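Q: From TrEMBL, here are the annotated features:
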type     : residues                                        : note
BINDING  : 8-13, 33, 38, 86-90, 127-128, 161, 272-275, 342 : NAD(+) binding site
ACT_SITE : 272                                             : active site, nucleophile
DOMAIN   : 328-452                                         : domain 'UDP-glucose/GDP-mannose dehydrogenase C-terminal'
Ligand SMILES: NC(=O)c1ccc[n+]([C@@H]2O[C@H](COP(=O)([O-])OP(=O)(O)OC[C@H]3O[C@@H](n4cnc5c(N)ncnc54)[C@H](O)[C@@H]3O)[C@@H](O)[C@H]2O)c1
Ligand SMILES: O=c1ccn([C@@H]2O[C@H](COP(=O)(O)OP(=O)(O)O[C@H]3O[C@H](CO)[C@@H](O)[C@H](O)[C@H]3O)[C@@H](O)[C@H]2O)c(=O)[nH]1
């Protein structure tokens, strides 16, 4: 029986391994992590991450051919294939701080694999890593390898949160990079056979190691670049009276461009886009390519501009001050159908409003109060480091309250900011909400999900990203 072990039971390791276990009943899959609470949660009825469809998959396989354990060394030593899916955050200190990937967790996993292995293994990079990482990992593994053969593969993950299970069931492609030696090709075949249980062969792309590593960074950069492009257009739409949804639709109808990923928003968030582009920028700089680095840096700059622009719209619309005003924040996760808040635009928007002394009442169906407090008190780039390394929340967050209902959040509020596109925000009773708010009542829709005409009919002053401006807002400056 083939044994797989995955180091890192996070947003990628957990769902990916659960799907491999489901699709390959004859393979034994162990997911291991140094975080004991995380492993306990994977073994409980309340999984550590919220992801539609994940519960069913885990329940079908757990205890049969899918195991979650904190006995990292035992499972690694027994495995034929070891996936490494640990976090690779942005470095916060030292050389490359604020840009380069922090490979501390990866390196310690590699050292541990080298220490405990007694048989040949295929080691698979699942984490997103800088191009050429495999070379460094190979050095760690083969140094003092006691005659054991390690084959390194790069198998980056392309799932998106909120649709992880669907993405894993029907991936656009699976990418496997390996050495161009006979042993490397044999290792590629072994991993291709695992995915071959459910992924059509023509969707499994095999490349060399460096192409696979770089393709992952490139794919995220291209995706994020589309969002920054449409967000840049949204500012121009507001200035000219064009409607960004109509522009996106018209542009996306060109089959060379395509309709997906062209929704203007308050800005992209999530644990990957910013981190991976910064990493790409750093690699370009290290390779003496400042023009290429600056090109990609601009994608992040436009994203920051969009968040600042949104905050400025709110403040300038509300008579240039939100001091002491109650603002309801609807949605805190970085997108719908996840409880993940890493790099969510809500953090920057809330911090911007708090800086202007607003009183925030925050509601998100999947994010806990503790998480929100931690996020709002954290430094940039600390977010993806293990919890014990993150700053604790100060008790002085008196301007922030977290409530468990959109109606409570909006009661007596001066304004509403929609920051996550949760479906439930589309069907709220906005008349009831309006009746219970201070007047004039404002809605700032950072996701373009509300029916603007209907809300204006009720009496709201509405700002929607990239849409023709409300009369109220027309003469207000909205410079970032
Ligand atoms: N989140 C996503 O949607 C996504 C998608 C594709 C790729 N990725 C990439 O996958 C990687 C993992 O991302 P994630 O979101 O799953 O991270 P995560 O933080 O949710 O999970 C990583 C886990 O690794 C564990 N860990 C760290 N060092 C360890 C060690 N030495 N031994 C055992 N366990 C260890 C941590 O405790 C943590 O539970 C990152 O490189 C990320 O860029 C993420
Ligand atoms: O048209 C769009 C599409 C997305 N977003 C925002 O962009 C961010 C990222 O969304 P999405 O890409 O759907 O989620 P992630 O889970 O971050 O997934 C991305 O990052 C993963 C980690 O590398 C990759 O595996 C995925 O392929 C890639 O889509 C979110 O804040 C979205 O709200 C927009 O603003 N407009």
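Numbers run from 1 along the shown chain.
Even glycines carry a Cβ here, placed using N, Cα and C.
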Q: Take the domain 'UDP-glucose/GDP-mannose dehydrogenase C-terminal' (328-452) and count its residues per DSSP category (helix H/G/I, strand E/B, coil), listing them in that order.
A: 38 helix, 19 strand, 68 coil
Q: Which of the listed recorded positions (8, 87, 90, 272) has the least company, meaning the fewest other Cβ atoms within 10 Å of its Cβ?
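A: If we count Cβ atoms within 10 Å for the recorded positions 8, 87, 90, 272, the smallest count is at 87.
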Q: What are the sequence-distant neighbours of residue 161 (NAD(+) binding site), meaning same chain, six or more residues apart, C-beta distance under 8 angstroms?
A: 11, 51, 270, 334, 335, 337, 338, 340
Q: Suppose you look only at the domain 'UDP-glucose/GDP-mannose dehydrogenase C-terminal' (328-452); what would the mean pLDDT be?
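A: That stretch averages a pLDDT of 91.
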Q: What does the structure give for the C-alpha distance between residue 33 (NAD(+) binding site) and the residue listed as 'active site, nucleophile'? Integer Å is fine.
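A: Approximately 20 Å lies between the Cα of residue 33 (NAD(+) binding site) and that of the residue listed as 'active site, nucleophile'.
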Q: What are the non-local neighbours of residue 274 (NAD(+) binding site), defined as same-chain residues 6+ apart in sequence with CB under 8 A from its CB?
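A: In sequence order, the residues whose Cβ lies under 8 Å from that of residue 274 (NAD(+) binding site) (at least 6 apart) are 90, 224, 268, 300, 303, 343.
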Q: Write down the Cα-Cα distance for residue 87 (NAD(+) binding site) and residue 272 (active site, nucleophile), rounded and given in Å.
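A: With the alpha carbons as reference points, the distance is 10 Å.
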Q: List those of the binding-site residues 8, 11, 90, 274 whose Cβ lies under 6 Å from any atom of ligand 1, in sequence order, or write none if there are none.
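A: Only 8, 11 meet the Cβ criterion.
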Q: Is it possible to get the count of other C-beta atoms within 10 angstroms of the C-beta of residue 33 (NAD(+) binding site)?
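A: Its Cβ has 23 other Cβ atoms within 10 Å.
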